[in-house]
Structure formats: C-alpha cells, structure tokens
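*Asks:* From Swiss-Prot, here are the annotated features:
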type    : residues                               : note
BINDING : G46, E47, I48, G49, S50, G51, K52, T53 : ATP binding site
DOMAIN  : 14-217                                 : domain 'ABC transporter'
Amino acid sequence: MVFSSAKREKNNMLAVNNLCIERNGRAIIQDLSFTLEGQKRLFVQGEIGSGKTTLLLALLGFVPVTKGEIKLFGKVCRKEKDFAPFRGTIGICFQNADDQLFGPTVLDDIAFGPLNQNVPREQAYHIAEQQLERLGITRLKDRMVHTLSGGEKNFTALAGVLAMQPKILLLDEPTNGLDRKNTEKLTALLRELSLPILISSHHHGFINELATEIISL
C-alpha cells in the first residue's frame, strides 16, 4: 500500500527537519532531518561531544534550536512551552541514571511516575511490580536506590520510564555501566517494545543488533 506524503507525515510521532543547534557560535548539529514512528529503532551515533545528548534534550525543548523544525505528533514545537504538553508522552533515560532516580526504594521509584500521573496508589504499585518482573529485577524491589550498581540503576530508571507508558522512548547511552550479559538483556527487551525508540550510542555491537535506521553526527 502506498500512502500520500500527507498520510506519512500524520503517522510520524516525531519529525525533525533541517535542525541546526549552535553553542557559543559553534555548530553542534547541522541540517539534521529524520522521522520516528511505528516500531522504528533509530540510533544516533557519534563520538563523545558530537551532540547526541544535546539532540535528545532539544527534542524535549530543553535546548534552544538555532534553525529548523521539530514536530511532535504533528505539532510544530518552537518554544519551551510548545513542548510541555508532550513531555508526559515521551519517556527519556538519561546517561546518568542518578539524574532521575527519586527512591527511596526501587519499588517506590518505579511507582513514582504513575503516581505523578494521578494513578491510584494501589494501581501505581501494581504497575511498578509488573515492570520489575518485565525487566527481571524483582529481586531489587526493596533495595534502597543509592545502594544499586550502575547497571542496576539503569534498569531501574528504564522500568520507571516504561511504567508511565510513553508513546516515544529516548535513551541516552543506555549500555553505559552494563556488562555483556546485561547488554544482551537490554537488547532483547528493547526489541520486544512496540513503540518507536531513539537511542544515542557509540556501542557498535549494540547498534548492529538493534538498529532499524542509523544517523551519524
């Protein structure tokens, strides 16, 4: 079946057109264009300092855009206030999981998101239990967040994001702190998700296993 360009654009949850971002007069990102929809797993690869994290923050309205266009669910977003209504539908895991862990326990942390979405307490904790099981980290549920290893924090942060049922998932260097076994576990999990994912990474094996599309910065 062939869709018109208008139909394809409507199906894009995220569309970036000719995006340019500068800092202190230096170009960080130049003329970048891509779309995200369906179950696409789009990888952004590049060396440290190439702008991968900057791009993810720009997609949430946290970094100003010099030129170009960001569309979320068909709406052009230019100012910070334009992005605000969509942040509840976009899940992000930061490179440093400590930036988004609120604790005190792992179970409490994962339930925090649904509670913040006004989900009743009993249901929020049930959702948290489901995500613990889904990610295979039920054994951690009563652990204090600050006692976790780097890899355990990564999976806890991801469980917390998935508990809020995002429509788009953004992951910034998600294999940082993971050994080979847990990288394989993460790969299998992401492959099963039925939502579009944008992933920044310089882990070539991880990229090769998962990517449906790759862009380089």
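First residue shown is number 1, and so on along the chain.
Glycine is no exception: its Cβ is also placed from the backbone N, Cα and C atoms.
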*Asks:* If you draw a 10 Å sphere around the Cβ of T53 (ATP binding site), how many other Cβ atoms fall inside it, taking every protein chain shown into account?
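*Replies:* Other Cβ atoms found within 10 Å: 17.
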*Asks:* Please give the average pLDDT for the domain 'ABC transporter' (14-217) in this predicted model.
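*Replies:* Here the mean pLDDT over the domain 'ABC transporter' (14-217) amounts to 94.
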*Asks:* Same chain, not part of G46, E47, I48, G49, S50, G51, K52, T53: whose C-beta falls within 8 angstroms of the C-beta centre of the ATP site? Give them in sequence order.
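*Replies:* Everything else in range on the chain: T54, S200, H202, L217.
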*Asks:* Going by a 10 angstroms cut-off between Cβ atoms, which of the binding-site residues G46, G49, G51 has the sparsest surroundings?
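*Replies:* Taking G46, G49, G51 as the binding-site residues, the minimal 10 Å Cβ count falls on G49.
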*Asks:* List the same-chain residues at least 6 positions away in sequence whose Cβ sits under 8 Å from the Cβ of I48 (ATP binding site), in sequence order, or say none.
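*Replies:* Spatial neighbours, sequence-distant, of I48 (ATP binding site): H202.
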*Asks:* So if I measure Cβ to Cβ from K52 (ATP binding site) and keep only same-chain residues at least 6 apart in sequence, which ones fall under 8 Å?
*Replies:* V44, Q45, G46, D172, E173, S200, S201, L217
